[in-house]
Amino acid sequence: MWMRRNQIVRKLTLGVVTTVLGMSLSFSALSATPVETHGQLSIENGRLVDEQGKRVQLRGVSSHGLQWFGDYVNKDSMKWLRDDWGINVFRVAMYTAADGYISNPSLANKVKEAVAAAQSLGVYIIIDWHILSDNDPNIYKAQAKTFFAEMAGLYGSSPNVIYEIANEPNGGVTWNGQIRPYALEVTDTIRSKDPDNLIIVGTGTWSQDIHDAADNQLPDPNTLYALHFYAGTHGQFLRDRIDYAQSRGAAIFVSEWGTSDASGNGGPFLPESQTWIDFLNNRGVSWVNWSLTDKSEASAALAPGASKSGGWTEQNLSTSGKFVREQIRAGANLGGGDTPTTPTTPTEPTNPGNGTTGDVVLQYRNVDNNPSDDAIRMAVNIKNTGSTPIKLSDLQVRYYFHDDGKPGANLFVDWANVGPNNIVTSTGTPAASTDKANRYVLVT
């Protein structure tokens, strides 16, 4: 990033507006990774916050089972997901049964490879103890405690690591009967070596019964409760459970969801998926999509034969993958999704100024002079001083800067008096670059 902010090239290309627009935009510098930006995560009043106490929403992708599609879990693919898709979290799904860790403990090496890649790339990573056909997490509780003792010993000082200790308890297994007692023991094992990294705990009925967990929460303050859904099968009743759990102060993490039905294959159901994503973003609930694979099923993100190392074009993505990529890229421009908001419809001015028709005044203010935080934060005020209303949708603002050879970017709209959901941001490359400006942020 061009760090001397008073020397950054600032070039604004304006359309015209109908009313006063006040915006505060914060841009993580291109050298700042998600972990550098947010640091140690924790739970505060049932919501996920970063080390500055600011609410944060994680959005990313899960691997498929490592025993089947582990080749897609590598630094190159994860880097592409970070830089092109905009993920800030990756989930590595290590099955316990079905030729998973219990019969093939060497799969732990792939988990370690994924964690090392995530550390290097500065993204958060979920280590997923993926129980499924084994139903009850207590079946392999001893192995879980051994595994998570090793993971916590290795990564207890790494703020990007998140432990998911029971993917989808099912088969009549209940929160109070089996899951909570198991979670207490495994949490104690983790906390003996790692005092503060996040822990995600699955809930009953394939991680749908978060209401039961909300009514009898675990004592650990940095625990989240998993809800899983598949858009073609699960609808409003599960969204209602999220609202209920949040009203009880429980922190919720959608650590797995799919655009398909619950089989993983029917669909994809994109309108239903959009309803879910809008809801999760509105409630500030973090989410991870299933899954990074080229398997011939609706929930797969990649088309059959896609490269194992990223670089995917539109043709390499499935219908689901294209949709999820769009959602993650759009979500990277949200202000964290922490406060439910209703988009505001811009209105025509009732008392326009006396200036010449179409006159536009733009005021820019730098609100961050700290050279050590790798961020650009700005406030922009735009006013139509003419006598004729002009549409806000005609407005474009470009902010030019140099990326210093680091292509990743995190963009956030902190506030806008027309509602942050009505502001769209993206990055682009100018036709003619200079040694001081080779990128721009477009605000519309």
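Each residue's number is its place along the chain shown, starting with 1.
Placement of Cβ uses the backbone N, Cα and C atoms for every residue, glycine included.
Note that the structure is predicted; figures quoted are calculated from it, not measured.
What Swiss-Prot lists as signal peptide is 1-31, and the listing cites sequence analysis.
Classification of TRP290 (substrate binding site) by DSSP places it within a strand. Applying an 8 A CB threshold to same-chain residues 6+ apart, the list for TRP290 (substrate binding site) reads SER62, HIS64, GLU256, TRP257, GLY258, GLY264, SER299. Residues or ranges marked as substrate binding site in Swiss-Prot: HIS64, TRP68, PHE69, TYR95, HIS130, TYR230, ALA262, SER263, TRP290, LYS295, SER296, GLU297.
For GLU168, the entry in Swiss-Prot reads active site, proton donor. Same-chain residues at least 6 positions away in sequence with a Cβ under 8 Å from that of GLU168 (active site, proton donor) are, in sequence order, HIS130, ILE131, LEU132, GLY202, TRP206, SER207, HIS228, GLU256.
Every protein chain shown contributes to the tally, and the Cβ of GLU256 (active site, nucleophile) ends up with 28 other Cβ atoms within 10 Å. According to Swiss-Prot, the feature active site, nucleophile maps to GLU256.
Per Swiss-Prot, the feature region 'Disordered' maps to 332-358.
What Swiss-Prot lists as compositional bias 'Low complexity' is 339-358.
Per Swiss-Prot, domain 'CBM3' is recorded for 356-444. Averaged over the domain 'CBM3' (356-444), the predicted model has a pLDDT of 65.
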Handout entry: Number of other Cβ atoms within 10 Å of the Cβ of HIS64 (substrate binding site) across all protein chains
Key = 24
Handout entry: Mapped DSSP class for GLU168 (active site, proton donor), helix or strand or coil
Key = coil
Fill in the blank from the handout: Across all protein chains shown, the binding-site residues PHE69, HIS130 give the max Cβ-within-10 Å count at HIS130
Completion exercise
Close in space but at least six residues away in sequence, with Cβ under 8 Å from that of ALA262 (substrate binding site), the same-chain residues are TRP206, TYR230, GLY232, THR233, HIS234
Problem - SER296 (substrate binding site) - helix vs strand vs coil (DSSP) - result: coil
Exercise for the section: In whole Å, could you give the widest CA to CA gap in the substrate site formed by HIS64, TRP68, PHE69, TYR95, HIS130, TYR230, ALA262, SER263, TRP290, LYS295, SER296, GLU297? Expected result: 21
